[in-house]
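Reading through the structure tokens given below for one structure.
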Amino acid sequence: MTEWIYTHFNMTHYNTTIKKELLAALTSFFTVSYIVIVNASILRDAGISTEASVVATTLTCFLGCLIIGFWANSPLVIIPGMGENIFFSYTIVQSLGLNWQEALGVVLVSGIIFTLITFTPFSRLLINSIPHSLKNAITVGIGLFLTFIGLQKGGLITDSSVTIIGLDNLFKANTLLTIFTLALAVILFIYNIRGGFLIVIGISTLVAALCGITKLDPSYNMGSLYEHYPAVFNAFSFTQVKNASFWTATFSLTMILLFQNLGTIQSFENDNKRFNRAYQATGMSNIFAGVFGTSSTVAGLESAVGIAAGAKTGLSSIFVGLLFLISFFFMPFIKMIPDGAVAPILIIIGSLMLKSIKEIDFDDFSEYFPAFLTIIMIPLTYNIADGIAFGFIFYPVIKLLTGKRKELNKTICVIGLLFLLNYILSY
């Protein structure tokens, strides 16, 4: 069995072991496990019960991680996207007027379209059309986005009616925990302590429990989860398929999935085969999301934490998937992990991704200005796809205005127009 694992996942080539992959998987899982509770709370606003959403989210994460692990041999983790669940509840359901069953139909159809595209030459055309400056800008933008999320989750920054964002009270319990955890994480990272991120999460959670910041939830009842789930499983509906709002939602969601996943995966996967298969895996997982009863899935940004902790193959993703499956039994303990334990890790990983900014040509305005827009708009719009859209729209415009038409390709011009059309249709 061990020999098969090493052969199938090409572990000797990637200089890794089962123990290293498991340790990295534990770090990944504890970083992304928040999605089960958070996703359920957001989908509740669309009309799906919290109990049913917990089951749907967990099963989707389990299967998505297995698919990307076995099919792509990639250490990326597949989870419902935070932007996508907001799009599901507040745009598709509350703004466009579809009910949650019809919204699941949108998720399913967009997942099928996304998957078909990933298996065609168009996906390779899409990848090759992205200029070098924008590829690196996407990585940097995602790094800033991770850092922004970390600062937000850690209570270091908060919303402000005057300046939109401002420094929060640094002496709140969760904020002090974040500062302590960040200092500890930096020390362990500098000294390259194996499993450092996992150690940080464990120590931080223990400190939080001792200080009364977090505690076990005694009200958890696993049986109630399964009582509600049958009403959601396979509940997608196409009753509004002839309605323009159904296809507006489908087009917008497909565009978001195509480019958000493209941006995330290309930031972590340099190998062409693994990139293609990881892209395909994210598409397939979206089909199951619609069937299982949750919002669209993405390759999670938090995968960076697992990769930094030593995840190199799909075995790590499979371990994460299995951890999601058994998490039903440990949900009270998972809910105990405070934001202050995870936030500093996101901040550190985000800072590491900023290294790619050195690859952008800052002597050429036509290259660095669209890249700058991508970098700044990803965190400020809280959406990777929007940041990518601004880069793709302005890149051909700036090239034309600076007399560099020959440096353009047809694909990026078409994609820029599609993004522009998407914004026009959305508003």
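Cβ atoms are placed via backbone N, Cα and C, with glycine included.
Taken from TrEMBL as is:
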TRANSMEM  22-42  transmembrane segment
TRANSMEM  54-72  transmembrane segment
TRANSMEM  103-122  transmembrane segment
TRANSMEM  134-151  transmembrane segment
TRANSMEM  171-190  transmembrane segment
TRANSMEM  197-216  transmembrane segment
TRANSMEM  244-265  transmembrane segment
TRANSMEM  286-309  transmembrane segment
TRANSMEM  315-334  transmembrane segment
TRANSMEM  341-357  transmembrane segment
TRANSMEM  369-395  transmembrane segment
TRANSMEM  407-425  transmembrane segment
Is it the case that the transmembrane segment (369-395) and the transmembrane segment (134-151) touch, counting contact as three or more CB pairs under 8 Å in which the residues of each pair are 6 or more positions apart?
yes
Per the definition of 3+ C-beta pairs under 8 A with sequence separation of 6 or more, do the transmembrane segment (244-265) and the transmembrane segment (197-216) touch?
no
What parts of the chain pack near the transmembrane segment (134-151), using Cβ distances under 8 Å and only residues at least 6 beyond its ends?
157, 263-264, 266-267, 301-302, 304, 342-347, 349-354, 356-357, 359-360, 370-372, 374-379, 382, 384, 387-388, 391-392, 395
Under an 8 Å Cβ to Cβ limit, what residues of the same chain, 6 or more beyond the ends of the transmembrane segment (286-309), are close to it?
23-25, 27-28, 31-32, 35, 39, 42-43, 48, 52-53, 56-57, 59-61, 63-64, 68, 75-81, 84-85, 87-89, 104-105, 107-112, 114-115, 142, 145-146, 149, 195-198, 229, 232-236, 253, 256-257, 260-261, 264-265, 268, 278, 316, 320, 345-346, 348-349, 352-353
Taking contact to mean three or more C-beta pairs under 8 angstroms, with sequence separation of 6 or more, is the transmembrane segment (341-357) in contact with the transmembrane segment (22-42)?
yes
Between the transmembrane segment (103-122) and the transmembrane segment (171-190), do 3 or more CB pairs sit under 8 angstroms, pairs being 6 or more residues apart?
no
Intrachain residues whose Cβ lies under 8 Å of the transmembrane segment (197-216), provided they are six or more past its termini
23, 26-27, 30-31, 173-174, 177, 180-181, 184-185, 188, 305, 308-309, 332-333, 336-338, 340-342, 344-345
